[in-house]
Amino acid sequence: MSQLRTTKAGLVACGMICAFIFLYLRNPGPEEAEAEAEAEPTNPAVVECGFYPDELCSALFDGKKAAPQIAQFCKPPQNSEVPARLRTPGNCSRLARGLHFITRPLSAEEGNFSLAYVIHAPRELVMFVRLLRAIYAPQNVYCIHSDENAPKKFKSAMQTFVDCFGNIFLSSKTQKVAHDNLRRLQAEIDCMRDLVHSPFQWHYVMNLCGQEFPIKTNKEIIYDIRTRWKGKNITPGVTPPANSKPKTGQGPPKPSPDENSYTAPNTIFKQSPPHNLTISSGSAHYALTRKFVEFVLTDPRAKDMLQWSKDIQSPEKHYWVTLNRLKDAPGATPDAGWEGHIRATKWRTEAGDGRKGCTDHDAQDTCVYGLGDLPGLIRLPAFFATLEPSSDPLVGVCLERRHRLRALQQAEVPPEPHWQFPQQSHFNSQPHH
């Protein structure tokens, strides 16, 4: 009898421990939360990862303090779904279904408001396809430009992919893209020309690189553009004060992490700006109306400024915001500042208390988003966030699954089976030492 009581006590204790672990991620109380903050990651022989990744992603988005620690151990084998699909012979319909592309407009509003995208494809094909899968809609149109020196294998895979979609095409011109060089700006303008000549009647165009990922759904982006901007361009930036207008030998104003602020010039003008333009400075990211794009492609001031921009640093950070300050430009916002949240940016100076999760810094002094950033990231008003290659892969996985879930929840049409991502999987993981 004594042995039986001991066994029962052991079973009860085991059950309590299991229940505690189950609730540890989901809803810790104040005492548990305090203990989590002080706890150090352990290295058990085997980690119970549960239904991966949805349970863990949910805990990360909810800000459970134990979740990033558990994520250190729960890393399944690298997903090779995208390259496998591109290598497998088959028709394009099978490719779209296999990669879970949404193939119908999800609402009448979206179907009647086409967006265009100019996308710089990185050399990481999987990251690019995941971005395109998230922002893809059959009523939208996508122009892809890549470095002309990209590997032939990458170019071939890219061509195979875009050939399966009538609304995705490669730019008619290629550039040797460098970060601080006119070639990036020229590549985007080349794509815009292709988009204007395409049969798609798009309303706005936005630019992305393959390392970015949407925080907002297509429906949410359209709602913000239509209700807040109402035919205006979005070019966040700043114009120098009237008493500090740059002259020859001076540079344009430098964007500052502190919105609506102006800092000293950082570039030297070899020549005065054409047409006596006042050079503004801001984000290289934009949302532009079709009429404004047509203006950029034909107006002498825009053409002359493009030629003049060859001699300045990071011209893409000055070109769009300067032209959008011209009062006679279609959709212009002459008095705008940093309004318009296109890309989320966390500056290194902001990575203090309450801004945890900054795991690295890129060359532009901005933080790379980590697992600890997810709760705050999804609450930002920005449309997109940059996911550097050094980011934890789970950051992109969680954002992708959340984005697809929200898109289908907002849909006004019944979802097709292939729009859903594969069911969750349950596995144990050997810790990574």
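Keep in mind that glycine also has a Cβ here, set from the backbone N, Cα and C atoms.
It should be emphasised that the depicted structure is a prediction, and the values quoted were computed from it without experimental measurement.
The compositional bias 'Polar residues' feature in Swiss-Prot is assigned to 258-275, 421-433. Annotated disulfide bond per Swiss-Prot: C57-C209, C143-C358, C164-C191, C367-C398, in sequence order, evidence recorded as similarity to another entry. Swiss-Prot lists N112 with the feature N-linked glycosylation site. Look at Swiss-Prot and you will find 233-275, 413-433 tagged as region 'Disordered'. Marked as topological domain 'Cytoplasmic' by Swiss-Prot: 1-8. For 26-433, the entry in Swiss-Prot reads topological domain 'Extracellular'. Here Swiss-Prot flags 9-25 as transmembrane segment, drawing on sequence analysis.
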### Message
Which one is it, among the recorded positions C57, N112, C143, C164, C191, that lies nearest to C398 (disulfide bond) by Cα separation?
### Response
C57
### Query
How far is it from C57 (disulfide bond) to C367 (disulfide bond), counting Cα to Cα, in Å?
21
## Note on the structure
The average per-residue pLDDT within the topological domain 'Extracellular' (26-433) comes out at 82
### Task
Could you tell me which of these disulfide-bonded residues, C57, C143, C164, C209, C398, has the fewest other Cβ atoms within 10 Å of its Cβ?
C164
## Note on the structure
argmin Cα dist to C191 (disulfide bond) over the recorded positions N112, C143, C209, C367 returns C143
### Summary
recorded positions N112, C143, C164, C209 vs C367 (disulfide bond), shortest C-alpha separation belongs to C209
### Summary
Whole-number Å distance separating the Cα atoms of C143 (disulfide bond) and C164 (disulfide bond) is 14
#### Entry: Protein Cβ atoms within 10 Å of C367 (disulfide bond), excluding its own
22
### Message
Measuring Cα to Cα, how many Å separate C209 (disulfide bond) from N112 (N-linked glycosylation site)?
### Response
26
#### Entry: Nearest-integer angstrom distance between the alpha carbons (Cα) of the residue listed as 'N-linked glycosylation site' and C164 (disulfide bond)
23
